[in-house]
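Before we start, here is the structure in question, set down as structure tokens.
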Amino acid sequence: MFPISVGWIAFAGVLLTLIALNYFIVKYYSDKHESGKITTIISVIGLTLTLLCVMLIPVDILNVSTMSHSDGTQISPYSISQRTEGVKMLYYILYGSILGVSLILVPFAYFYHEEYDENIPTCSRVYAGCKFTIFFILFTIILLVVGAFVRPGSKPIDDQNVKDWINDEVLNQNAIESSVLFAISCLTVLGFLVFAVYTSYGLSAFPIGLIKGKKRTDDDKSDINKDLWKAKEKSSFYSSKYASGKSLSEKEQSTLSLLRGKERALSKRSERLDNSNKGFRKILVIFRPFAFIFGFIFILVSLLIIISIVLSLVDKISSSVCGSACGFLSTYPQLKNPFDIILTKLAPYFPLDYIIIGGLIFFIYSCTLSGITRIGIRFLWINMFEFGYRKTFPQGLLLASVLLMLSNLCLNMQIVNLAPRYVMYGAQVYLNGTSVIPCTINAPTDLCIMSEIGLLTSRIQLGISFFGIVFYYGTWVIVATFILGLAVSIFKRRPSAALSYSGDSDEEEI
């Protein structure tokens, strides 16, 4: 087992990697004609903070796993207290920073760009941004104040060890901790909605898209030429009618205008399709078999994620401490899921578990990006902003960053469902008489130390059972939307290769 200092060195490396990765993603999607430094900085900071919350988990697990030796004995109480307080403080700093970025900085930057005009001075835009941001600041203060007064109550539990653990760890919260957790829980509820809409669809659409690929260029070209010929034929009919001296009705003039717009759009698409087979893009065809292989691997990973989540949900019903009153918190997972087994086995061999967690998070993050790209930034059926390569406006980029941040907050909770045993206690064991057994919630509180992420999620679920219930049934909704998205992805027609290289949106014209 590596010392905890190795974990913090790895975490510092991950921090730098995440900053570089998020900067690349933000610049990749930023509009090439309209990109702001404020938008870039705030988006990178917000995305990095939420991902750090998840990437801190393996370090948290290493921290608690190195508190007990292989014979079940523990390190000194002073070292335990010092190390747990350090990790807990970092979690709360990250959560508090997320609240500040998502509820204050992002709204300010959004309204700052909304007021953009060459004739409006910068100070006026700053004033307008601050004016509208005041409402979000008041909302944040209300959340924190309400959270400070919402205190967890006692639970109907018979097991004395579990009751002692709840009294010592869950009910023993100060006002600051309660307010921050309450505010983060409210944002996480929104995160479940984002996860269900974008991430669940991306988990199926991203790998299926790699497997299916784009339409064959010849077929695509043939379809475009047919549509173009039909549009020109109809347009010629109305044009010849007008040329012969007959007047066109208002409806006919509108139809002719639409047909000419369609002609222009189809001609653009045909030109892009010709360009898609030239230069470097022609070489990319060689890698098509690899895209199919990776797509097949990724869909297996997606199915493994959903299966692990379902097993965890079923297990919570059967082994919950006190049902919905405790937010479906379970003492020890009875049903073993694949990710939990793998990560628990790898926990003593850090950084192998860090690599698995990092790969899993990056995959889910990529699926969320894929979902946002495919669905767009919408409010119900209204498409607010286009989200694509080099054509996302600053306001759209900020909203996309908020969607990704909320999804990452939900992912923070879903990691507990994916690997409950690993996340709660890592590789910790304790001496029970003559045998050494894995740590659980109903183990003596002085012999097992739960990870800080395990304590935080338990405080959210037990502190206000409403959140635990919403998170539990919200996860079932995520599973259902994944199945629906999988069906849609399988039966949906392959996209045109021309659209992949579009610099301008012409969908509306067609």
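From the backbone N, Cα and C atoms, a Cβ is placed for every residue, glycine too.
Feature annotation from Swiss-Prot assigns topological domain 'Extracellular' to 22-40, 110-129, 200-289, 367-395, 487-510. The topological domain 'Cytoplasmic' annotation in Swiss-Prot covers 62-88, 151-178, 311-345, 417-465. The feature transmembrane segment is assigned by Swiss-Prot to 1-21, 41-61, 89-109, 130-150, 179-199, 290-310, 346-366, 396-416, 466-486.
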Counting by DSSP, what is the helix, strand and coil composition of the topological domain 'Cytoplasmic' (417-465)?
21 helix, 8 strand, 20 coil
Counting a contact as 3 or more Cβ pairs under 8 Å, with residues at least 6 apart in sequence, do the transmembrane segment (179-199) and the transmembrane segment (290-310) touch?
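Not in contact, no.
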In terms of Cβ proximity under 8 Å, which residues at least six beyond the ends of the transmembrane segment (346-366) contact it?
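That would be 1-2, 6-7, 10, 14, 51, 54-55, 57-59, 61-62, 65, 199, 202-203, 206, 298, 301, 305, 339, 404, 408, 411, 415, 418, 422, 426-427.
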Pop the mean pLDDT for the topological domain 'Extracellular' (367-395) in here, whole number is fine.
81
Go through the chain and flag residues at least 6 beyond the ends of the transmembrane segment (466-486) whose CB is under 8 A from any CB in it; none is fine as an answer.
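Same-chain contacts beyond the flanks: 185, 188-189, 192-193, 195-197, 199-205, 208, 302, 306, 309-310, 313, 316, 324, 326-329, 413-414, 417, 460.
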Short question: most Cβ pairs under 8 Å with the transmembrane segment (396-416), which of 41-61, 89-109, 130-150, 290-310?
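Most Cβ pairs under 8 Å with the transmembrane segment (396-416) come from 41-61.
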Determine which residues of the chain contact the transmembrane segment (290-310) at the Cβ level, with the cut-off under 8 Å and only residues 6 or more beyond its ends counted.
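203-204, 206-213, 337-340, 360, 363-364, 367, 414, 417-419, 475, 478-479, 482.
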For the transmembrane segment (130-150), give me same-chain residues lying six or more residues beyond its boundaries with a C-beta closer than 8 angstroms to one of its C-beta atoms, as numbers and ranges.
99, 103-104, 107-108, 111, 175-176, 178-183, 186, 463-464
